[in-house]
Amino acid sequence: MAGRSQQDSAEALRDQLEHIELQQQGLASPPDARTTRENIDAPELSGPHRTPSSRTHTADGPNDSGRPRARRNRPALEVKTDLYTIESHAAGPSSRQDGPSQQAGLPAAWGRHRGSNARIEESRVSLTLPRQTFDEVRDAANTGVDPTEKSDPTLSQYLKWVARQTERRRRLASGPWGRVRSSAERVYKRYVVEGLLRQKPIPPSKDGRHIPLKPGLARRKPLTDERTGRSYVTNFIRSSRYTLWDFLPKQLFFQFSKLANFYFLVIGILQMIPGLSTTGTYTTIGPLIAFVALSMAKEGYDDYRRYKLDKLENRSSAWVLDPEGTVKDEPTIGRVRAQRFFKKEKPAVAEANPQAAELGAVRPGFGEPARWARVEWQNIRVGDIIQLQRDENVPADIVLLHATGPNGVAYIETMALDGETNLKSKQACPLLAKHCSTVEGMAACDAEIVSEDPNVDLYTFEGRVTANGETMPLTLNEVVYRGSTLRNTAQAIGLVINSGEECKIRMNANKNVCAKAPEMQYAVNRIVILLVFFVIALSVGCTLGYVDWRADYESRAWYLNRGTVSLGHIFIAFVIAYNTLIPLSLYVSLEIVKLGQLYLLSDIEMYDPVTDTPMVANTTTILENLGQVSYVFSDKTGTLTENIMKFRKLSVAGTAWLHDMDLQREAGKKPARREVVEQLERGCRNPSPKNSKRLADAEMMEEPLVEGRRSASAYPAKASSVSRWRSSVSPAHGQVELKTEDLIRYINNKPNSQFSRKARHFILCLALCHTCLPETKEDGGIGFQAASPDELALVEAAKDLGCLLIDRAAQSMTLQTCTANGSTTTETYEILDVIEFSSKRKRMSIIIRMPDGKLCIFTKGADSVILPRLRQKQLALQTASAVERRASMRRSVEQEKALRRQSLQSPTRDSMHHMRPSFTLDRRSSWHRSATITDEVETWLSLREAGGLDEEAADDDAYQSPCRSFGAARSLELARLADPLDGLVDESLTLNEAAIFERCFEHVDDFATEGLRTLIFAYRYLDEKVYQNWKAVYREATTSLVKRQERIEEAAELIEQDFELAGATAIEDKLQEGVPETIDKLRRANIKVWMLTGDKRETAINIAHSARICKPFSEVYILDVTLGDLQERLVSTLTDVARAMVPHSVAVIDGHTLSVVEENDTLRILFFDLVARVDSVICCRASPSQKANLVRCIRRQAPKAVTLAIGDGANDIAMIQASHVGIGISGREGLQAARISDYSIAQFRFLQRLLFVHGRWNYVRSGKYILGTFWKEVVFYLIQAHYQRFNGYTGTSIFESASLTVFNSIFTSLPVIIPGIFERDLSAETLLAVPELYTFGQRNKGFNFVQYLGWMAMAVTESAIVYYGIHYIYGISHFPVDTDIFAMGQLAFSCAVVLINLKLMFLEVRDRTVVMIGGMCLSLFGWFLWNIVLSAVYSRTPGPYVVRDGFLRGFGTKAMWWLVHFVVLSATVVFELGVTAVRKSLWPTDTDLMQEMESVRGVMEVLRGHAFAPAAADGGEAAVDGAQGSSGGGVRGGDGASLKTATTVSVQAVPFSSSPATASWEGVHHPRHYHASHNGHSLGHGPGNGASGVAGRLTGEYVRRPFTPPAEERENPLERVASGRSGTELESSVRR
């Protein structure tokens, strides 16, 4: 089937290409008026959509031609297109001729998008299109429009490229390589997997697994799996990587996959062959074994810690039905404590049930006490009957048999499985429920359950149950999976159907997880290969030198006549001698370095005092990967959010109100409540426990009724309800918002007004339209059990507003309210029917008989389903469309301004781009210079944090919402009124339904823009006869045995009509602290943030807006296979994104659509090309395996990009294991993700410090360690090579053997280890304040091949300086000095040791601490102490080295020896300083400039303030107040003067430009500079002040993007054209 679908896709693509080729050949008919530009771009009216804020692209119905087309829910881009079209036409033809042609589109603008080029097997054709959709191209082909008007050759080439890719993959799969690969896979599977590892594939069963319902049967004898003939797998789970059996082979393979270790293994084997080695037999293989053993021990210890965490879960206990008492080994108290630690929550059994704690295996409750036994999770078997109590985790996949909830319903939390926060109601199959209410009933029931074979699908289940000869199907409604939690239900009984690794959640986890390796290791491996060739070349050169020497000297020496050695032996001897050019201790010392880095990773700034959770590192292997991350894949629930819903805003009768009583409670600002308590005391004469409960709960109600009865003079002049709550999305304009305290005061003071009646009815809707149950809390107050956190938030809000639910029975609910005169009333409402919420209906309704006998139906749901069911639905839909258009126009203007800013900030290319910066200081004082630079840094950082939105807020007034204008104007009038309540509400609005609709829909749009979850409430009073007629239909539907759900929905449609609008609510899915600011900084650091969640699409998009993954002006493209041709929609979206006319784009895809994409090569190519172009991706309804597959696909498509996955639940384990770096959140869902992750943190916001600070530091440290290690080996051992020229290439060493042995371990180990642990090139404050610096690691600037070559060139030069300086000054000196080989060798040795220590611990480090200086002094002291000891204790043996007394009485006492030492060392240091000075002057790096900025007084205080202060939300007041903007001519100084006259430091260089992806403090301008530059602001630079006002700048140095093919592989010439266009052309094209 997959092959057929791919073939169909290829045929469809060929059809598209034929149409386009016909256009280009001029065979099309004349244009049709119906497809003109004006008609295509005309705005369309769309229905209401509350998917938040930014314009959303999805599929609509057929257009005029009957063909489905992709369009926007919001008609924003069509309006924006009209605006651009008008501007372009107004400019006239002459103005357009200077810019790029319409045919070529905007290839330069396209380059601004991060990840703009895809690399999929071969080079991608550049998709840089004009403003023209794929639909228009198809229309042109079908209707015969002139190809010069409607087509573009780039699209045709792109489609041809996709077709070639699809055909190429097909040929590869069926060609010779594909056949060889499939044959190799078959051989591996047969002989390795099935033969050696004994892991044969399990065939599917014939009819599923048959599990009898027999209490205690599985306890007596495990049931047999018919697929294998053996027992079902145990419930033991393992997330550790190794076992006792496979640890050694896996680790040996892993250790020797490091090329250096493999190289030394080969050298060690050669060295053990007698007669080949000149340096001993075991000098290589011995240390190698020790080093490898040490590394393996470290890996084993890391995995042992994972095993211990697995052990906590496996030894958790559950209650199992054991009527025969076969369970003897009950868990000890220690195991119970381990279970408490693992769950990190109050134990539900051991403490809440003291009797159970005492009796151990006896559990009172369900059934007879002695029949239930405690069993560890790992010992639970398929067929066991287990009992769960409230808040207990489910230990295995079970079929529900019985639950004590209402109507046998059990409420299950599946947050760890699919990320959804709402509880799911599960109910036992009726056949089982009537027999399994008691143990005796289960024993007497002759039942068998047939379930499907274990699989990964979490969203479907197939099975059946046969009981007493009757059969019924089993669906997902009767099954509960492992990883779920029982909530709001006292007890539940279930039968285990899947255990251990066959549970759904474990089937979705990765199998055979491989050990992770740092990305830097691959570069090291390439360098090791290079060094191997270098050693071979050096050995060959020395061998040839020996041949020449033998011909010239040895053949003539009579005493060497019989001493000829074969060339083979000579060559191998040189290879063994030079093998230390590749340092043996490279990886082992690196492990020591990483242990030190791991210790420093315990940062107090990443400690969460609330949960008492520190940062924990589970591995040291990939510490440097933290500094190179390009993609962050984040879970939503529990990772970005706190899983807490809070009622935040409401709209009633055209007025919006803010509800922040919960924030007041948290801040300790509770209003006086004594009068409320007195009211309830007067209404509760009898002090019964129930009344006492009401009194206790009344003290928690936050309704300010006491203040409502005060006189008007008691109010202050200013508004009493100024809100301090700010959305994480909307700009903080400081407008006054009305609060719900004002609403209640108004209702109580004016109870008979029309607005008060509507408001009271709306609050009644909140209190009645739900399924919550009240319960008494431990403190005597009232809490609520809710099926979803949204309902809980609504009921708690009703309580805050004075309407408290105190009791709910099956057919009634009781509310307690406070009336206007200060009394309390209790009323009972009869519940007639409840029409439950479903994902298809998107609403729930409840029919109530009011206390006065009237019938009323209340409903709540999404606006898209409520509005068409209003009484005045035509007016509502028209008003909603008008609001949509107005909001879209406003956001289009925001997009246009953002694009204009990006265009203006792209620098022009001129000769100044290549000039180096030179800091010219004037004669002002240093205080004035530092003050100016400080102001520049302050302003630039403010603008960066604000996203570059530096224009005045007044510019947005053209499309300002009327409701905001009304609220602002009315808030200014409140202070002038004698009674502020008189002007609080516009009563005239309550009689105008059109005005109420407009205000309400505007409020809902604003709420959604802020990332809040919106609901519309409505009601309708029913006639008794109408209700009775409907009741008969509904009763028949609920009792139907076929298509029950469909018939219930059809019956609901009959009654859910002609509603009256009550109001709207907005619920905040509370984000974790610092999430929006963290994501902002991740984006500035060139990191793409993807959100992968199992939750619903609407919820995911809402959270994306709150977390700033989506911006208010983002284009949101929804990919849904159920809405039309997915391939056509992908191409249409690609053409839209490729125009680069939107500043921010987001793609949204669901799990079902993703599965379709994965099965089709063409769709896969298009999809991954699209996600490479957009700024962010949201994947909703994704299973755990889909999350992991998506991460793996990105790793394959972008092999050089480092991926990071972060999550907190069991559904995130596979994703975490599939990524380069896995981060676990120690959250409310437990430790499932934290225990298998590489690193665990308590809050998402700690990711900032983990990546930007410790990631950067560890990357820099590891890079310097590797470079320093290679450099010192080359410097030292090339001195040996230089010496060979003067000893006949005999292999004689210039260094004494004992000193040579301890060179790496004693004298030069600290110079590489200490900087590798303690080096800090920039301060933490700088790295946090300027996240653009993080691109240093992404671009491999700390360690790369070019940098390595530079260091090696320095090493070669310095080794020559050392040797030849010594040789020509000391070795052949005419002064009477001791010039034997030992004296010269020790002099060269000493110079090398001092140079290595001085360079690596002083010249090359930024953080010259006491540790650095102390380590350098210790190494040098050790070297000279070694000489003294060696000179004193060395035996007097004949040989070339006269060691005894050589240093103490020989050359060590000669001034000439020390003078040469000083001269040679000075020459190397001067050479080092000269090269460094030239490099910093001509090619300064980001780090160089920032280090210089840090030294300026006052700059660190500014950086510190921006490092820890929350960032502005999409353009805040700080940016507006702190700068004049790009057209203001600079930055405001402290005295308001322009920097043009106040600047004291200037840079002779290019104007500033940067992007969130590419900002860098450098002086090199890449030829493709404009491709990586946008959204930047210069430090004081603007059009009005030239370049003299710049103290430092961020240049857009080219940044390697994921999915970017090499230049030589590009097929399309337009790609090269795009690379050559200038910034001026880009600016003009974007302005158009």
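In case you wondered, yes, glycine gets a Cβ from its N, Cα and C as well.
Binding of ATP is annotated in TrEMBL for D635, K636, T637, E791, F837; the matching candidate from K758, K777, K854, K860 at the same site is K860. When the ranges 110-130, 215-235, 320-340, 1517-1537 are checked against TrEMBL, the one recorded as region 'Disordered' is 1517-1537.
DSSP assignment over the compositional bias 'Basic and acidic residues' (888-899) gives 12 helix, 0 strand, 0 coil. Non-local contacts of T637 (Mg(2+) binding site) by the CB criterion (under 8 A, 6+ apart in sequence, same chain) comprise M415, G419, E420, T421, N643, T1093, D1095, G1209. The domain 'P-type ATPase C-terminal' (1234-1485) scores a mean pLDDT of 90 in the predicted structure. Counted as Cβ pairs under 8 Å, contacts with the transmembrane segment (567-590) are highest for 527-547 among 252-273, 279-297, 527-547, 1381-1398, 1410-1435. When Cβ distances are compared across the two stretches, the transmembrane segment (1410-1435) makes contact with the transmembrane segment (1381-1398), since 3 or more pairs at least 6 residues apart fall below 8 angstroms. With a threshold of 8 Å between CB atoms, the same-chain residues lying at least 6 positions outside the transmembrane segment (252-273) that come near it are 279-285, 288, 291-292, 295-296, 299, 515, 517, 521, 524-525, 528-529, 532, 572, 575-576, 579, 582-584, 586-587. Other C-beta atoms found within 10 angstroms of the C-beta of D635 (active site, 4-aspartylphosphate intermediate) number 30, with every protein chain shown included.
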